[in-house]
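Novice: Got a structure for you, questions after.
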Amino acid sequence: MFQAMQKEGIEPNNYTFVTLFKACGSMRNLSRGKELHEVVTKRGLSGDSFVCSALISFYSKCGSLAAAEDAFSSCQVDIVSWNAMITAYLENGASTKALKLYRQLQEEGVRPDQLTYVLILQACGDLTEKDISLFEGHARKQQILQIGRAIHSDSSRSDRSLFLSNALINMYGKCGSTLEAEHVFGALSCRSIVSWNSMLAAYLHEGNCKNVLLLYKQMQEEGICPSDHTFVFTIQACGNLAEGEVSLTGEGEPIIDALCIGEALQIDAQRYNFVSNTFVGTALICMYGKCGAITKAESIFVVLPYRDKIAWNAMLSMYIEHTCGMKALKLFRQMHEEDLMIDQVGFVLALQACTLVLDKEIIMAVGVKINRVQLLEITESLHADARKKGFSSDTHLASSLIIMYAKVGAILNAENVFVQLSHCDVVLWSTLISAYVEQDEGGIALQLFQQMLKKGIPMDPHVLVYALQACCSLVTKESDVALPVTSKESMALEIGKILHEEALSNGFISNPHVCIALLSMYGKCGAFDEAEEVFSIMPHDNTVLWNAMFSSYIEHGHFQKVLSLYTKMFDKKLAIDDVTLVCVLQACQLSGHFQICTHIHFIGSAVGWEQLLSVAASLIHVYGSCASIHTTRTLVDALPRPDLVSWNACCDGHTTVGDILGSLYVFENFLLSGIEPDDVTFISVLSVCSHTGCTSEGLEYFESMAREYRIGSGIKHLGILFDLLGRAGDFNRIEDLLRRTTSRINFPMWLSLLGSCSTHGNVELARRSFEHAVQLRPWDSTPYIVMSNIYVDAGLYDNAAKVERLRQDFGASDVSMGDIWM
């Protein structure tokens, strides 16, 4: 049209250029707009207030804020151009600059109009939503609230429009001052639907969901016609109410009230034809998800005429919240097949679904488990798709990729994600460090922690917790280098004490997560004086802290201390949880204090924790240990859906009392119930075969692990198998097994072989077993003593003397961990 005007010789005026700049801004056509800017400048129209405002708006929409500022500084400034520049700042997320410009406006004596006040109030509201810490956020809101109050005072000097009043309600709501929002709302002689919605949003922002619903009820009573935003706010409030009102039935289902209200809101939305609205539909999906009504959420989703990425992500998020990992992955695949614009959030949710599916109890509809290899392929595919879409630099996505790669054992892939990022904040460092901790690579995790500090990245409580967990990993990890357990504990303790000092100097010592990690680290290192000191300085109403102390005592065999500490906890009437009961039950089992078990059993039954699988499994273990097999079966039969852990505990109970038939009966029974065994199951089954001399049955079960259930043999399985064959004196099979597994055999297994050789007089295999054992732990006296005795029994006294001299050369003590193990 403009070109046609030029061809016909029609001269454009300032209004023509205003229209042209609006068109360029709508199309984000920066180059064409700049050409028009040159034309305007040549014609001497750039100083015109309306043209200048249109120029500012055009540059703002194209994201060229500097050019907008240049245009503003070169024009004849009036309130219209001031408002245009403030709007430009708001559109580009520069709310602080908008406030500074408002202050400049006042200093220059320019009188603001109603729109100016509305824009500045919007800037205040935007600033409260910046991503900052909780403490800083509270301080920031107080500062912004003072500014908002000042603007409120300024605006009172002139007649206040409904538009401005709504902006005030919105600002006060975002600043958390609902009382002042209510005051403005109550003073309105005439309220629009925007006024009502602003007040609803203020209550929702404060977390006062009941007031949202009460205000909605008032709207209905006054005959106010709701909008789509009205339903979005009220439905969100209903969902939040469901989150906060969860019953303790053991199923974790929200109470009926929130769901009933949500269904009533859906009926209201249908009456006003808003259910097909994408925003309302998405809010309903989220609400039903929080209420646990997955089927209702699905029914809303399938009838939405238009489903944007927020609606799809809401469904993904709901499935993940309810651990429906396979459903989430299938939905994501549907998104991919429909060629939807998947964003970073969608990829993050898909990776979280992979994490859920990794749980071996989650099975596909066809009944086939997804293994780690398949999940690695899915993760790599998601990674490749995200890279194609240009999301490689997104920190949330990178963090999720690192977590998932680590969970499937592809730690190098996780590290590659990390190193390819141009900037890594403390969250990403924490994620990678935690990944190595999860892989039991505490040494590498601590090296990364040190590297992070050298790069000047300030630590936070989370990364400090992971560093302390890495110290624990140093103690538990089997090392290729021969180090005594005490040496590893000393090294970990030394590093842990340095981290303790860091916690003190950075003010993290009051953080309960840091304190619990410190306590666990000291407990893992056997430094109970330090652990008890940390425990004593913390408020004693933290159940997790008590549980950490229990776990530390149990790990080092201080079972009586667990029971004494539990007595104190019980006397103080402190809250206990299922973890507390599990810890105390373990102490009962390992110490033989079975009478306390009945007390714990009573407490668990009284609050319904007996039905929790972790508590039930611990009870089964305890009763199995004290040969109360009838009680173990009663506990299993009472569970609505016994899981593998419960069946394993029952099987282990029969094993403990040497009841091979009972153990195998339980094993066959849960196979018939459709539950597949795991590596722990076969440890119990192989153990009972070993202890009862059932060699052929044990070998058959060992072979079935890989053949029928695709379960790889672990160190414990091999150890039991060596014991099984050693008891039977089947050295041909032992030699064959050694040829295939020598690199995997640990110190206790070589000791077991030495014991078998001693029983059956196999000097040659004993010699080789002795050499391997001494390479792993030259300081441990047990292999020297056993080998010396074997030589003496064989009449090889010179060889026995050489072994004794070798023991003295290495300084192996007479009493060792090996003696205790034997």
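Heads up, the Cβ atoms here are built off N, Cα and C, so glycines get one too.
According to TrEMBL, the protein carries these features:
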REPEAT    78-112  repeat 'PPR'
REPEAT    192-226  repeat 'PPR'
REPEAT    308-342  repeat 'PPR'
REPEAT    425-459  repeat 'PPR'
REPEAT    542-576  repeat 'PPR'
Novice: Which sequence positions outside the repeat 'PPR' (308-342), separated from its termini by at least 6 residues, show Cβ-Cβ distances below 8 Å to it?
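Specialist: Residues 278, 281-282, 285-286, 288-290, 292, 294, 297-298, 301, 349-350, 352-357, 359, 362, 364-365, 378, 385, 389.
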Novice: Six or more residues out from either end of the repeat 'PPR' (78-112), which same-chain residues have a Cβ under 8 Å from its Cβ atoms?
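Specialist: Long-range Cβ neighbours of the repeat 'PPR' (78-112): 49-50, 52-54, 56-57, 59-61, 63, 65, 68-69, 72, 119-120, 122-124, 126-127, 147, 154.
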Novice: Grab the same-chain neighbours of the repeat 'PPR' (425-459) for me: Cβ-Cβ under 8 Å, and only residues 6 or more beyond its ends, written as numbers and ranges.
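Specialist: Same-chain residues near the repeat 'PPR' (425-459) but 6 or more away: 395, 398-399, 402-403, 405-407, 409, 411, 414-415, 418, 466-467, 469-474, 476-477, 492, 495, 502, 506.
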Novice: For the repeat 'PPR' (78-112), what does DSSP give as the number of helix, strand and coil residues?
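Specialist: Once the DSSP states are binned, the repeat 'PPR' (78-112) shows 26 helix, 0 strand, 9 coil.
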Novice: For the repeat 'PPR' (308-342), how many residues does DSSP put in helix, in strand and in coil?
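Specialist: Summed over the repeat 'PPR' (308-342), the classes give 26 helix, 0 strand, 9 coil.
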Novice: By DSSP assignment, list the helix, strand and coil residue numbers for the repeat 'PPR' (425-459), in that order.
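Specialist: So the counts come to 26 helix, 0 strand, 9 coil.
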Novice: Across the repeat 'PPR' (308-342), what is the average pLDDT of the model, as a whole number?
Specialist: 92
